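Taken from Swiss-Prot as is:
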- C46-C338: disulfide bond (DISULFID)
- C82-C115: disulfide bond (DISULFID)
- C91-C137: disulfide bond (DISULFID)
- C202-C259: disulfide bond (DISULFID)
- 1-16: signal peptide (SIGNAL)
- 17-579: topological domain 'Virion surface' (TOPO_DOM)
- 606-662: topological domain 'Intravirion' (TOPO_DOM)
- 580-605: transmembrane segment (TRANSMEM)
Amino acid sequence: MEAITIEIIIIILTISYPILVAPQLLYNYPFNCKKGPKMTLDGLTCPLDFNTFNLDSKDNMEAGTMCRPNPLSKDIEDGFLCYKDTWVTTCEETWYFSKTVKNHIIHEHITKDECFEALATYKLGKHVEPFFPAPSCYWSATNEERATFVNIQPHGVLLDPYSGKIKDPLIDSDNCDNDFCVTRSHQTHWLRNRKPDIMERCNNETWECHPIKIYYGWVSKKKNQETSTTFNYVQTGLVIESQYIGHVLMADLCIMTFCNRDGYLFPDGSWWEIKYSLYHAFTKDHTVLNNAHKCGDRTHGDHLTEFQRDKKVGYEDLEINLEGLEMRQKSRSINMMCLNRLAEIRNTHHINVLDMSYLTPKHPGRGLAYYFSQDQKNSSKYHVKVLDCDYKLIHIHDADIKGFVNITKYPEPNVTILGLKDNLTFADLGISRCQDLTPLNGSRNISCEESSGPLHSDDSRLSNGKRFWTRHSFQGANFHEHPGVRIGVNGITYDIRKQILRFPSTSNLLWDLPSYYSTKHRVHFFQHPTKHEIRKNFTGSDSRDIDVLDDLINRHINRTDFPTRIRNWIGNIEDKVEHFFSNVGGTIKTIISLVLFVIGTLISIKVWKKCKRHPQKTKKVAQLKLNDYEKTYNQRDTSNNNNDDLYETIENGGTVYSPFHV
């Protein structure tokens with residue numbers, strides 16, 4: 001068999017690798033945007049890699065079409081978030097009537113039965129909004145009041161009509177028990193209300209269609225012989241190529257019936273009906289597509305076994321193409337960079353415009369659009385909000401390799417929708433032209449046109465008859481840190497002073513990166529629906545900081561609660577006593593301390609003086625006693641001497657006296 005060379009020329013890698021062919025850029029732009037779900041950190045995910053090629057082949061190929069139902073605005077499935085909170089109020093009162101009130105919220109475990117019971121109550125209009133119980137304070141005691149509420153919040157989700165699964169950043173669709181799903185918020189569940197009717201999609205006159213090319217792939221086989229090396233080529237199977245879906249191997253498809261029509265489920269999860277004429281290469285085997293297995297035969301996207309590979313119509317090892325290999329390696333690198341960025345965002349809660357481009361969907365269809373929102377109550381903090389949009393590939397004419405478009409240099413229209421040939425202006429995309437009229441050293445003065453894309457209520461239709469609106473597609477906003485620059489969805493920026501639009505991607509941001517693309521912004525993600533409600537309802541006009549709101553859950557805040565005007569006269573007395581002790585308590589303590597210090601000092605001095613006099617008195621008494629003793633002793637000696645003289649005198653008289661003498 002003669003070798004047939006298939007030359008694949010890379011034109012575009014949609015968002016990831018936009019390459020200019022003539023001066024134009026292919027960009028995945030959001031249309032028909034609606035308010036999206038409340039974003040959480042866990043809901044941020046990296047998009048699916050998506051490659052598109054343009055085929056230049058000398059082999060016979062078949063031209064065909066691929067069609068599918070249009071994504072409908074009714075693909076939103078009604079549902080509710082269900083969670084149980086215990087709102088706790090604690091009052092601690094001291095002996096001198098000083099009170100400290102603490103509020104905190106505890107997320108309780110909730111069962112499926114409790115959720116459905118609360119949903120029935122909600123539909124009857126008897127749902128009670130949560131609140132903190134009134135504090136009950138008792139003298140020299142700590143008292144706690146609790147109130148438990150089962151909360152129900154409406155939360156519509158995007159439904160994948162082909163798989164019947166939910167696509168929502170808050171809900172784990174793989175962890176659902178019928179109509180009861182686990183969410184990524186703590187102790188929070190999602191309840192399905194009703195499934196939408198899919199019969200409206202089955203009218204094929206309203207389906208969207210795109211041209212495709214189908215051809216056989218070839219693989220070169222190297223055979224080493226003793227004297228030489230030869231190459232032969234083996235036909236592997238069918239390849240389908242479209243600038244809308246990229247270059248897809250038939251080995252990656254499986255058969256799936258939708259709307260009672262046979263079609264194929266693609267790797268990105270989309271369903272398409274493939275139509276082609278049976279000529280040339282396919283006349284010899286026009287049933288080759290029917291050899292594919294049904295989607296239920298294997299988990300879609302898993303690696304094929306050898307047995308399954310034998311039953312498929314193509315192989316993954318198409319003819320080696322260095323450009324294609326290089327692009328796949330770059331695609332993997334971009335995906336790794338996105339994962340690293342995502343880890344950094346979750347750890348630091350900081351995000352920049354460049355990060356937005358990594359999160360942007362890479363293929364047409366339903367997807368989320370990300371944009372910054374500055375906190376109205378604290379301009380130093382930002383939120384990341386999302387829109388639920390229908391993405392379409394558009395040609396942006398006269399854009400350079402950096403993604404720049406000078407909107408004053410080229411005449412409008414400058415945009416063409418791929419496959420539909422609809423010519424649009426930038427105003428049709430929702431990007432209003434603005435002028436910076438700010439004088440030197442003056443206050444900011446920016447004037448913009450009123451038209452910012454068609455509204456949902458307008459009768460704006462494309463050439464295929466489908467309605468479209470872009471009033472919220474750009475969602476541009478001005479920030480104090482970046483004067484003269486409007487930052488829109490997915491990192492699209494509008495430099496008003498230079499009149500330059502920039503459509504960012506993960507490849508063209510490597511050139512001349514402006515400082516505002518890399519500036520980190522502190523972003524806040526509400527991780528639980530309770531915080532949304534507190535922020536919206538509980539605080540009212542209070543400009544309480546977001547970080548304080550975080551402390552309301554599983555922690556507490558302290559505040560002194562004085563008696564109000566409706567308290568009785570006993571409460572007023574308590575208030576006065578508390579006020580008195582609060583103001584003079586410190587002074588009284590100081591005075592008492594000084595008095596005690598003075599008294600202690602005086603006592604110490606007196607004791608010291610007494611101790612100083614006591615040793616002298618003791619010495620004098622001892623001396624006196626010694627003198628008396630010596631005097632007595634001397635007297636005794638004198639008396640003895642006198643007696644001796646008496647006896648001597650008597651004896652000397654010649655007469656001796658004897659008492660016994662008769």
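Heads up, the Cβ atoms here are built off N, Cα and C, so glycines get one too.
Positions of Swiss-Prot features highlighted on the structure.
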| residue | record | Cβ neighbours (10 Å) |
| --- | --- | --- |
| C46 | disulfide bond | 17 |
| C82 | disulfide bond | 26 |
| C91 | disulfide bond | 19 |
| C115 | disulfide bond | 23 |
| C137 | disulfide bond | 20 |
| C202 | disulfide bond | 13 |
| C259 | disulfide bond | 17 |
| C338 | disulfide bond | 22 |
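DSSP gives C137 (disulfide bond) a coil state; it is part of no helix or strand. Look at C259 (disulfide bond): DSSP puts it in coil. Taken residue by residue with DSSP, C46 (disulfide bond) is part of neither helix nor strand, so it is coil. Considering only the disulfide-bonded residues C82, C115, C137, C202, C338 (disulfide bond) has C82 as its nearest partner by CA-CA distance. Cα of C259 (disulfide bond) to Cα of C82 (disulfide bond): a span of 33 Å.
Between the C-alpha atoms of C91 (disulfide bond) and C82 (disulfide bond), the distance comes to 29 Å.
Taking the Cα atom of each, C115 (disulfide bond) and C46 (disulfide bond) are about 32 angstrom apart. Here the candidates are the disulfide-bonded residues C46, C137, C202, and by Cα distance the one nearest C82 (disulfide bond) turns out to be C46.
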